[in-house]
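Pulled from TrEMBL:
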- 1-346: domain 'Major facilitator superfamily (MFS) profile' (DOMAIN)
- 1-15: signal peptide (SIGNAL)
- 56-78: transmembrane segment (TRANSMEM)
- 90-110: transmembrane segment (TRANSMEM)
- 188-207: transmembrane segment (TRANSMEM)
- 228-247: transmembrane segment (TRANSMEM)
- 253-272: transmembrane segment (TRANSMEM)
- 284-303: transmembrane segment (TRANSMEM)
- 323-342: transmembrane segment (TRANSMEM)
Amino acid sequence: MLICALLALLTPIAARTHVYLFITFRFMTGLSQGVVFPAQQSLFAKWNPPLERSRLTSLGYAGAHIGYVIAFPIAALLCEYGFDSGWPSIFYVCGIVGVCWFLLWMYFVYDSPRHHPRISQAEQTFLTGQLDEIHSSRKKVVPWLKLLTSLPVWAISVAYTCCHWGEYTFATNIPTYMKEVLKFDIKTNGFLSALPYIGVSFMTNASGHMADYLIRRKLLTTNQVRKLFNSVGAILPAIFVIGTGYLGCENSVYAVVLLTMGVTTMGCQYGGGFMVNPIDIAPNFAGIVFGISNTFATLPGFFSPYAIGELTQNKSREEWQTVFFITSAIYVVGAAAFIMFGSGYRQDWDQKESAKDIDPSNSIELANNL
């Protein structure tokens, strides 16, 4: 993240120097961001007790959407009123915030409870007691063949990729849709584009709490909870996004409501679905599992803007209907793949790799079978 922040500070200079230098900086920004989410998964796996897994993980991921809530309106204001001709100020502000965040992260965050010098003894004892039976302090050999041929791993990858198609479609094209079809000005556009992400931030946290409640009370198994929340978080957006396509500037309020509901309900996937699932199936290799799935999930970032640009050359409502129908179908594919091949149980290859490190009598069967 420090690299991202520094690159953001230098991006206006790069843009004014040469277009290829600007492209290089943007590529390097994406490259440096690629390690963030897998690293988060590894951190969550070492800090989140099994029965608090969904709510704590969802709290972390909700921050990404809160970023949209803050960024859209501020970027709109900076673009119109900011210093240094407007748009460069967006990069300067983001870069400064990123550097400040990095300093706070380095002070407060440690790899595991055992290594943190500032948490209480009671908290450290509780966390290590919950998590030591899952994780070993010894370095493990990654079971690459079993991991790469695991259907639950691929189910996460497909669900994540399909969800991210919708995410990129919304994040990069909601402002365009609101401008071209709903006819909002730049300031209104910036504030309304942030609305869906207020909803998804709330839903991500709420679904994380609901998922843990269902598991803790033994109302549903972890497997059932993950598939239920992932399905809700894919099917409802698929329905809402189709409805949006039939509304134009004469029904702009209803269009914004449907867009907001579509993005909001995606939060069920983040709080209780595939996003938490790597820690369920492979707590020892959660970062690697998430890294694989995240690699595929970034592909829509390449293809979605290009495809949508090709499909909406005339900027008509009918063209946007096609975009929304395609997005809806992709959501359904992701939901179906996770239902058929996903799992909420710890995989054998994760446990077998740990057999020499963990006493089988201390195996955390509770977390696997709730």
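Including glycine, each Cβ sits where the backbone N, Cα and C put it.
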Paired segments the transmembrane segment (323-342) and the transmembrane segment (56-78) in contact, 3+ CB pairs under 8 A: no
Interface present between the transmembrane segment (284-303) and the transmembrane segment (188-207) (three or more C-beta pairs under 8 A): no
